[in-house]
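What TrEMBL says about this protein:
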type	residues	note
TRANSMEM	12-29	transmembrane segment
TRANSMEM	49-78	transmembrane segment
TRANSMEM	98-117	transmembrane segment
TRANSMEM	137-156	transmembrane segment
TRANSMEM	168-190	transmembrane segment
TRANSMEM	196-217	transmembrane segment
TRANSMEM	237-261	transmembrane segment
TRANSMEM	273-294	transmembrane segment
TRANSMEM	321-339	transmembrane segment
TRANSMEM	351-378	transmembrane segment
TRANSMEM	399-419	transmembrane segment
TRANSMEM	425-443	transmembrane segment
Amino acid sequence: MKSRSIFEEKSINQLIVLFSFPTICSLVLESLSSMIDTVFAGHLGNISTIALSAMGIINPILLLLIAAQLIFGVSTSLLISKRLGENSQEKINNTFKVGFYSCCISSVSISLLIFLFENQILSVLGASGEVIILAKEYLNIALIFNVFSSTGYMLVNNIRAFGYPKIEIIVGVISTIINIVFNVIFTFILNMGIKGIALSTLISEVFYFGFSIIFLIRKGLWIKKSSFDFKESKEILISLVKIGFVQFLMQSLNSVSGFIINKVLIKYGSVSYVGAWSICSNINMVILLPLIGLTQGVQSVISYFHGSKDKNREDMVKSKIVRYSLIYSICVTVLVYIFSREILNVFTEDINLIMLSIPIIKIVVITFPLVGLIYTLITFMQVLGQESSASKLELMRQVVFTIPLVIIIPILFSNYNILNVEPQLAVFFSMPISTILIIIIYFKKIKTILKCIL
């Protein structure tokens, strides 16, 4: 099998590049859908500020949809990689089958549920007036493309696990180009506004999904007909959920944090701050995705060597990943600090929004190198079957620290006028503070990770 020979024949560095680079490209290109939408929303003329605020209001919902697709999108390919290491064809097929159908059912169910309670959800998020009208126009279409995005993401991850990681780049690039082209047509030529932006993403996601299915069928990797074994399917489903739950938890808690931040910004500031945060959160996600892609892509490699009991090569992969994660995160932090204004200019021409966004993005990324260590630790926990430990770490970071700090810090800065910092800006201190606290608590494990590069 091609995938087996790749793992055995390539060097460690070649495997890391072969699997992580396409994953990074795939994630970045996929996230560009959201970023491209934000960029075009910021150039809608008189309604650009309202459009950006609408995107900011529904951002927690979009993050939740992304979180849900990670449950089966990541876990299915990871489990397939382990089965490849064990060379079990029947288990590979059954894992693919359970993962695919579970992904389809869950994505449709979540989209339908959000649609049924759309008005109530948007009201809770703080949408009103013109903002809620634009938010609904985009969200109604987003709930449709969520189904194609979720299943397409899962299928592309499986393609990588089967030994064709370069396909991620190909399908991602074409999908992004399609999105940009239709955005230009719908937004600037046909003047369809935010609805045209959402339709462009829908078309690109349908292509992403369709291309993946056609490729798998042509390569003979599509699901084979087999008898249904309820007990085995149940066991596979439980394994998939256990693995994917960590990724889901991380992203869904980000959604909750985003929701609370929006509420705090509206309380202490204005809708403009929500627009500024929408831009900064997009930038933060884009710089975070290569880090996620690096660790996520190499999961297949570590899982293969873990399944084949090759401890030496497994440790070599871990060592290099820690080193590369640190180098990347430090470089990105420096670049964001130096070129923050230039980066923000890409998203909006509104000087007021840019001035609001500059201090926000600098606060958010100041501890980015430490975030890299946390993601690496979580990856190692997942691969070694320590899903519960990884879940506890993320719960502590978000529920115990970030979310309470988001609420408490603005109150303190508002009541005591600390350093003359406005409460709507102070809320963002919660992110670096929670990261530092996690590093302190998990210092022993972090220290073990750092020893990998010594």
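One is the number of the first residue shown, and numbering goes on along the chain from there.
Using N, Cα and C of the backbone, Cβ positions are placed for all residues, glycine too.
Below 8 angstroms of C-beta separation, residues 26, 30, 33, 37, 54-55, 58, 61-62, 65, 68-69, 72-73, 76-77, 99-100, 103-104, 106-108, 110-112, 114-115, 118, 122, 167-168, 171-172, 193-195, 197-199, 201-202, 205-206, 208-209, 212-213, 216 of the same chain, each at least six residues beyond the ends of the transmembrane segment (137-156), sit close to that stretch. The listed stretches are 49-78, 321-339, 399-419; of these, 49-78 has the most Cβ pairs under 8 Å to the transmembrane segment (273-294).
Counted over residue pairs 6 or more apart, the CB atoms of the transmembrane segment (98-117) and the transmembrane segment (237-261) come under 8 Å in at least three pairs, which marks the two as touching.
Sequence-remote contacts of a segment are chain residues at least 6 beyond its ends whose Cβ falls under 8 Å from one of its Cβ atoms, and for the transmembrane segment (399-419) they are 253, 256-257, 260-261, 264, 267-268, 426-427, 429-431, 433-434, 437-438.
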